[in-house]
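The annotation domain 'YjeF N-terminal' is assigned in TrEMBL to 10-249. Sequence annotations record features per position, and here TrEMBL assigns (6S)-NADPHX binding site to 70, 71, 72, 73, 74, 148, 149, 150, 151, 152, 153, 154, 190. What TrEMBL lists as K(+) binding site is 71, 144, 193.
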Ligand SMILES: NC(=O)C1=CN([C@@H]2O[C@H](COP(=O)(O)OP(=O)(O)OC[C@H]3O[C@@H](n4cnc5c(N)ncnc54)[C@H](O)[C@@H]3O)[C@@H](O)[C@H]2O)[C@@H](O)CC1
Ligand SMILES: [K+]
């Protein structure tokens, strides 16, 4: 029988493994990020490390959106691994690096030795996350690592920022279209940000525009077991292809 977990159930698994000394949180995060990258290449082998690729060819591109918790930490791992495979990676952080939890902070710092961390939102600005649509292609990746199973409060308008899905425009929070990103592939780390892992519903604050939706992923890579939110309510419409990968729990 397939095991389906709540957020609390997943946390209990992780906590038991860490408390039993079988693994550290940092090792779990490294595995989670590595499994996301492995799943990307498994689902889209045409994106995989290709030693025969023309060294003069333009590198593939990824934008990684990292949130303020350990989901963001997974994102920093993904960014580092793709970078080290020769991808051109842009990283955006929602929040203050100094307030990241320790494992996420460690992976932030490992990334920061490789490239800049740009703000996902600018104080007072409509939104800092913006990519030049001309540079984004069908083999580019947008990695959504803003929130995972730790999304506990309703999303407010200011945080909802850009919405992006394949073949649609991406928008700033106020809804102004910013351009087309033709065919860019969207990968959600653990769960598309904005969905509650226990209900599959978007956690909406009253000020969230009614037409706002979480990133619609082409691929969602979750860890150990599917969560209730992947399979119910608004979950299936936002997850795209759901891949469950082991992380050693
Ligand atoms: N050891 C671990 O706990 C592991 C966690 N992993 C990853 O970590 C994730 C869980 O990490 P966390 O528990 O840190 O949770 P998240 O990273 O999902 O989110 C928590 C952060 O989001 C903030 N937040 C919650 N709701 C918000 C809202 N509406 N608006 C703004 N901010 C909000 C919280 O204040 C907190 O800073 C998993 O989904 C998975 O991706 C994996 O790395 C495997 C190991
Ligand atoms: K996510």
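Cβ atoms here come from the backbone N, Cα and C positions, even for glycine.
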DSSP three-state assignment for residue 144 (K(+) binding site): strand
Residue 144 (K(+) binding site) versus residue 74 ((6S)-NADPHX binding site) - Cα distance in angstrom: 10
Position of peak Cβ density within 10 Å, selected from the binding-site residues 74, 144, 190: 74
Residues among the binding-site residues 70, 71, 74, 144, 151, 193 that border ligand 2 - Cβ under 6 angstroms, in sequence order: 71, 144, 193
Distance-selected binding-site residues near ligand 1 (C-beta under 6 Å), from 144, 149, 193: 149
CB within-chain contacts under 8 A for residue 151 ((6S)-NADPHX binding site), separation at least 6: 193, 194, 195, 196, 197, 203
Whole-number mean of pLDDT values that fall within the domain 'YjeF N-terminal' (10-249): 84
For residue 153 ((6S)-NADPHX binding site): intrachain residues, at least 6 apart, with Cβ closer than 8 Å: 203, 205
Local Cβ density at residue 149 ((6S)-NADPHX binding site) - other Cβ atoms counted within 10 Å: 25
Non-site residues, in chain order, whose CB comes within 8 A of the mean position of the CB atoms of 71, 144, 193 at K(+): 65, 67, 72, 75, 145, 146, 147, 148, 188, 189, 190, 191, 192, 194, 215
Max CA-CA distance, Å, over listed (6S)-NADPHX-binding residues 70, 71, 72, 73, 74, 148, 149, 150, 151, 152, 153, 154, 190: 22
70, 72, 190 filtered to the binding-site residues whose C-alpha is within 10 Å of residue 144 (K(+) binding site): 72, 190
